[in-house]
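Trainee: Once you've had a glance at the structure underneath, I'll fire off some questions.
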Amino acid sequence: MNMEIEEVMSCQALPLLSLNHVSLVVKDVWGSKRFYEDVLGFCLVKRPSSFNFHGAWLYNYGIGIHLLENKAIEDLDINDEPRPINPKDNHISFQCTDVDLVKRRLDEMGIRYVIALVEEEGIKVDQVFLHDPDGYMIEMCNCDNIPIVAISSSCHFIKPNKFGTYNDNIMMPIATPNYSCGFMETLMMENLSMDMLNFSF
């Protein structure tokens, strides 16, 4: 698959809708795939067959995780000691409904984590930080306790109005969020939509 990169200068905001996916370079695609499936609940989805390198695509919660295998990064490992989990490091964050349940499940699976507490004007946010098999940091929190307030009056938030597969010609919705509906109900509908998509392959 050929990729062309063109640098473009623009003075206007880009027509973005939402975060589509995060790509991670990993030592072992299948080991990382198991982590994102078993620990975080992502589902393996079809990946373009034209790629000439090993990888895997996973999807859930309205976001994709793309794993790109590069065994050469094993050479960068100086020792096998797990490095400290630092909440100030680069990380991917997931909103969750029950931080205490997250901690209990991680304890049951024997996964190391650290916790942090953020307070803002009497509002509290609980955070749980852990590493994936390649040392990428994951956060799980109840961050929506703190409202998002734009500092600049010229900033306009864009609420996505459609979600679906990557093909613009055939838009197949994947659980359009129902904000009056509970998290688990939305998640169940999204999982059902993904199952239905998988039947079509």
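Cβ atoms here come from the backbone N, Cα and C positions, even for glycine.
Owing to the predicted nature of the structure, the values given are computational and were not obtained by experimental measurement.
Residues or ranges marked as domain 'VOC' in TrEMBL: 18-143.
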Trainee: Could you tell me the mean pLDDT over the domain 'VOC' (18-143), as a whole number?
Mentor: 90
Trainee: I'd like the per-state residue tally for the domain 'VOC' (18-143) from DSSP, helix first, then strand, then coil.
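Mentor: Taking each residue of the domain 'VOC' (18-143) in turn, the totals are 28 helix, 48 strand, 50 coil.
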